[in-house]
């Protein structure tokens, strides 16, 4: 049920972006991307690490789930009203196009409801009921799609389209609150001791999220001062693909985080290692063919997804999918750091990565624009993957086995070569040829991985209930 909900929500999300890019064009979508990125920075401050900390605290033995969740929700509402209001005020004085400033003001409501909705994810993760938020997301994305289609044919305006997201996210927050009440009592409360515990545990996560966002979203912010809205739109469309795909490792690690926490706190190290190895194998099997496939269909895929104007996004997508491979494993080890309670110790790694990223953004974006931003993303994601792995290796003595990774790499290389040869043979990349190469390559890769022993069917079946 969860897989179906996630799939439907993702399809609705992709269709929404497809309609928006065609209606707004590269320049208009650049305005939307800039406003969205500006608010994402504010959203990281509002979150303050409470989402992950909530999951961690309610997963511990003898936890008072109702008090923890209710306190977290109350803090989220108060901080959201204050900080998103401040973000809208600051946005009004930024040297942006008036359309961007208006979109930021409308988007503040959208991000408030989105961050409120995320507050309850820990409850669903603990009770292994992720089909509920997946359903809420699917319904929300469906409403957003309908509104965007209507606006695209009647009122093509960036602020109006951001308003559609505000309506959808408000509905998602309401549904998630109702779903969460099936497991625990939720009310507005200000339990001082619990909130102090939240802050003491969350600030290291908040710091890492902020610095993580600095190197993830700093590209758009710096591009807004040096490059055109059209280039931002082209890059933003390619980056949206990365955002959509990165939901997969985030969702999976969020599901097994309570199990990782329990295994670590009860000193069951073998179980911890087994869970991390399963995630490592799964992420290798998923991320490597995505990288290979993108190298042969990036431009045509962007043209099909976002419109012919966005075919120029192809080179950006290829580079970002290389970064995506590092993102998968970076998410794995970042969640493992939370599970072993080393959030505070890992802060210097995120600070160093953010500093390197900012320096590279300033050095490359003025001259190379989106290409410089994409290469900087690759470097920063590789850095954070290595540094978080080092922390997990040192603390939990986890060293992954690379059998599945090797099989996945070999199969992905063969798949990419076959797909490239097929497209060279047919001589064009129309919709039908793209469909043939995607389905054919996916089938070849799946058979190859299983035949070479990269993953066992029994292992996949054991993972499916968690996804």
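Placement of Cβ uses the backbone N, Cα and C atoms for every residue, glycine included.
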In TrEMBL, which of 17-34, 35-52 is labelled transmembrane segment? 35-52
Considering only Cβ pairs under 8 Å, which range in 99-117, 345-364, 431-458 makes the most contacts with the transmembrane segment (282-304)? 431-458
Between the transmembrane segment (99-117) and the transmembrane segment (35-52), do 3 or more CB pairs sit under 8 angstroms, pairs being 6 or more residues apart? yes
Test of understanding: applying the rule of at least three C-beta pairs under 8 Å (pairs 6 or more apart in sequence), is the transmembrane segment (370-392) touching the transmembrane segment (195-216)? yes
Cβ contacts under 8 Å made by the transmembrane segment (73-93) with residues that lie 6+ beyond its boundaries: 35, 38-39, 42, 45-46, 48, 50, 100-101, 104-105, 108-109, 111-112, 115-116, 119-120, 186, 188-190, 195, 198
